[in-house]
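Taken verbatim from TrEMBL:
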ACT_SITE  16  active site, nucleophile
BINDING   251, 397, 454, 457  [4Fe-4S] cluster binding site
BINDING   298, 360, 361  Mg(2+) binding site
DOMAIN    16-235  domain 'Glutamine amidotransferase type-2'
Ligand code: SF4
């Protein structure tokens, strides 16, 4: 059965991308461009809401940003000097049009649109309470819980109602909101998900990543701080810190895989961080070889770092077909196998008769690694050594990244020896947790006084309580309820 599924099924899937702009006459067109740069964060649906001084104008649709917003009549209807946008990968709620963001609510105190990157971990508990009190939900996305909390709050200003709502939620989030007098952006107190602030002429911009500023030629000002709320109105920008201070726990997987390599995330070049991880990997788990080959595209910077450190030639020994398109086939095991062959092909001239080191960013289920190793052997490699630029992914993410249930994660079920056999490699090694932290500029590794990152998918150390999923003590319960 054919369905539309754009992803390599063995990758962790990105969460969502958010964008907001205030102070330009064609805010929606700017937003469409920003979302286009954030397309890698979610490919299932996209939406924009703009405000023209009188009314809110919205368009939301399933599909890629380009498919939806390249149509001039669509952008032409989205008049306004302020807009917010969202590109979605569904981490909660189904892929239904009613779940596509931004969500809009006509509140007694004015209109409010909101878009969210992340996951609330007490969504179910709050939703039950709200339904008991009479709230009628239109969607199954956790973002709507925030809308209902805002609608039922007592404060008179939308921003104060938003603060009241956010004080009741747990989870990882970057929200952007659009009001009739401005835009607002806010990060959760731990700063798990990213949000940056930029300037384009007189306009202010907020976006998940700096690549969305670059596409507009906007200047990067700074990251929105963990727990900070930034409000932009005709009077300029104000900053509030409405939550108790918490330790910074930025998602380390943004550096490893999610963010675009040309983005600067939390002051660090994603590309450079990935190269440094590759260099750590070469120091920690070097092996005699003739060629270093990345698993494209996300393994490329780490493979470059590995090759430079090891002094071994780097070659594009696997070529990725970028035109596979969005038509994918129902991911049965048989079809997953076909999917990998559709996407990657061996560059035989640089493989045959060689001892190959393959570098990839992560192993999730292990299906892609298995097929890639098989493909490289079939192309004549004499040895195939797999090196992974992240520690073993042993735990599921509950903070806005779609990971499989824990028992589907290869590294939660097998030790290195068994995994090596499973993927069919001559050897397999992962960068260590400390090696990954050193690459992030923490010479003391994870045990430095302020690790600064969430690394729960490698350690099980969840920095935000998983209220919907667990009583906070049993990790087994987490894996059961994460289905
Ligand atoms: Fe990121 Fe992993 Fe933490 Fe999820 S669990 S927020 S993917 S580091």
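Note: Cβ is positioned from N, Cα and C throughout, glycine not excepted.
TrEMBL annotations: computationally assigned, not manually curated.
Since we're looking at a predicted model, the values are computed, not measured.
Each of 192, 252, 253, 399, 401, 455, 456 belongs to the same chain as 251, 397, 454, 457, is absent from that list, and has a C-beta within 8 angstroms of the C-beta centroid marking the [4Fe-4S] cluster site. Here the Cα atom of residue 360 (Mg(2+) binding site) is found 23 Å from that of residue 16 (active site, nucleophile). Residue 251 ([4Fe-4S] cluster binding site) sits 15 Å from residue 361 (Mg(2+) binding site), taking the C-alpha atoms as the reference points. Rounded to a whole number, the distance between the Cα atoms of residue 16 (active site, nucleophile) and residue 361 (Mg(2+) binding site) is 20 Å. In the three-state DSSP reading, residue 457 ([4Fe-4S] cluster binding site) counts as helix. For the recorded positions listed here (16, 397, 454, 457), the lowest count of other CB atoms within 10 A around the CB belongs to 397.
Checking the binding-site residues 251, 361, 397, 454, 457 against ligand 1 with a 6 Å cutoff on the Cβ atom leaves 251, 397, 454, 457, in sequence order. Close to the recorded Mg(2+) site, the chain also has 256, 257, 294, 295, 299, 302, 359, 362, 388, 389, 390: residues not among 298, 360, 361 whose Cβ is within 8 Å of the site's Cβ mean position. Between the C-alpha atoms of residue 397 ([4Fe-4S] cluster binding site) and the residue listed as 'active site, nucleophile', the distance comes to 14 Å. Cα separation, residue 298 (Mg(2+) binding site) to residue 454 ([4Fe-4S] cluster binding site), rounded: 20 Å. For the domain 'Glutamine amidotransferase type-2' (16-235), the mean pLDDT of the prediction comes to 93.
Counted within 10 Å of its Cβ, the other Cβ atoms near residue 298 (Mg(2+) binding site) come to 20, all protein chains included.
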